[in-house]
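Heads up, the thing below is written out as structure tokens.
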């Protein structure tokens, strides 16, 4: 942790003009450390599977779920699920079949099920560098939520499929029968549904606990960290999806714990989650840099070339294909520029490397070649795509987010519009998104929120809360604008002369 902090401080203080992603910086740091360790240590330093699944992965997943913009996420849930599920399956199948098509050119013979397992883990995207650029540049909300939501659920789908295919790889391709495939398909849905249910129960337990610990505000942040982690461990012990459980727990507990906690506890949870998640991801990239000096690498130019080309080509094809399908049902269309940025932002990173390192070499003889190819794939995407995404966004003039802070009147008009749209759907006999949104909101307000929070809030209370939030945001914006004007005046050399 101290080493990671030192590297970040050194990099950001010395490289103000160099726009390199933090992930690339950590790979370089790991490479430098690996160079020195290679001289003194007779054995390799590698990422232990237990360290990855038990300690590094949960904070990353919890942070992603907790900071997911709920309203935007559920408004675009259909599009996000299309990219995350259909798009991920598209990448896995097409990459796996392409690798199998060129299998005669590889140095060693690889079983088809092993190639499908590799195509599954190599399909895990990690657009942290892209999202940081999006936040800094302030891109439009649709592009941001599509990339954020897809990457979050993509990791969950990938890990669930990874575990299913790993068990099939242990059996061996020559011993697989139809029942094994049917069992794996059924197990996929069972594992996913079980993980989601455990996550919902964990979110309920977290909300209830923070409600009854109002007088112990110093303990509330600990509850928000330990209960989701407990849900993750319970899911893993029950052979369900731990990553889905902790993501769902973070997603659903957020509205309730924020109402139960004070400002100090809320800020503590926010920054601690961001800190531990960023350091966990940085540690994985450090190990990736260290692994470049492994003595067990197997470099196969054909396998590497086919993998890199397949990931890049099928990512673009899949993005354009499923965007065209989604646009047929969307009112707000996803533009070609946004589609290109989404496809270009399919970086590989921490999840991808962590999964390949957990492969069992006894059941996957080609593990060393898979690890070597994964390292190349991550380095290429992080350095080439991650470093060029910023100028590309500027060059393509991606639509920016409107920084206008909505007034109370605008919020009231928006709510009234939703009510009118629901009425139109009712007259037309259609149960559309506005109908279900209103029903779920009403169910939450009448049944869930009184149970999970200390004080039941009416729609009038919500309006007052929104007014106070808008007022606070407007005051902060005016203060920042005034400070910027003062700084500009003080930096103007003419201002020092009468």
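Residue numbering: from 1, along the chain as shown.
Even glycines carry a Cβ here, placed using N, Cα and C.
Checking the ranges 162-185, 186-209, 402-425 against TrEMBL, the transmembrane segment annotation falls on 186-209. In TrEMBL, the annotation transmembrane segment applies to 271-290, one of the ranges 131-150, 271-290.
TrEMBL assigns the feature transmembrane segment to residues 80-103, out of the candidate ranges 80-103, 440-463. Counting same-chain residues at least six beyond the ends of the transmembrane segment (110-130), those with a Cβ under 8 angstroms from any Cβ of the stretch are 21-24, 88, 91-93, 95-96, 99-100, 103, 147, 150-151, 154-155, 158-159, 161-162, 165-166, 168-169, 172-173, 176, 281, 307, 311, 345-352, 355-356, 359, 364-366, 369-370, 373-374, 377, 382, 386, 389. Within the same chain, residues 19-21, 23-24, 27, 106-108, 110, 118, 121-122, 129-130, 133-134, 137, 139, 288, 291-292, 294, 296-300, 303-304, 307-308, 311, 341, 344-349, 352-353, 356-357, 359 sit at least 6 positions outside the transmembrane segment (369-393) and bring their C-beta atoms closer than 8 Å to a C-beta of that stretch. When Cβ-Cβ distances below 8 Å are used as the criterion, the transmembrane segment (334-357) is approached by residues 23, 46-47, 49, 52-53, 56-57, 60, 79, 83, 118, 121-122, 124-130, 140, 142-143, 146-147, 150, 155, 158-159, 162, 280-281, 284-285, 287-288, 291, 311, 315-316, 318-320, 323, 326-327, 367, 370-371, 374-375, 377-378, 381-382, 385-386, 389, 392-393, 396-399 of the same chain, each at least six residues removed from its ends.
By the Cβ criterion (under 8 Å, sequence separation of 6 or more), the transmembrane segment (229-251) is in contact with the transmembrane segment (51-68), since 3+ such pairs are found. Under 8 Å from some Cβ of the transmembrane segment (80-103) lie the Cβ atoms of residues 73, 109-110, 112, 115-116, 118-120, 122-123, 145-146, 149-150, 152-154, 156-158, 161, 302-303, 306-307, 310-311, 314-315, 317-319, 321-322, 325-326, 342, all in the same chain and six or more residues away from its ends.
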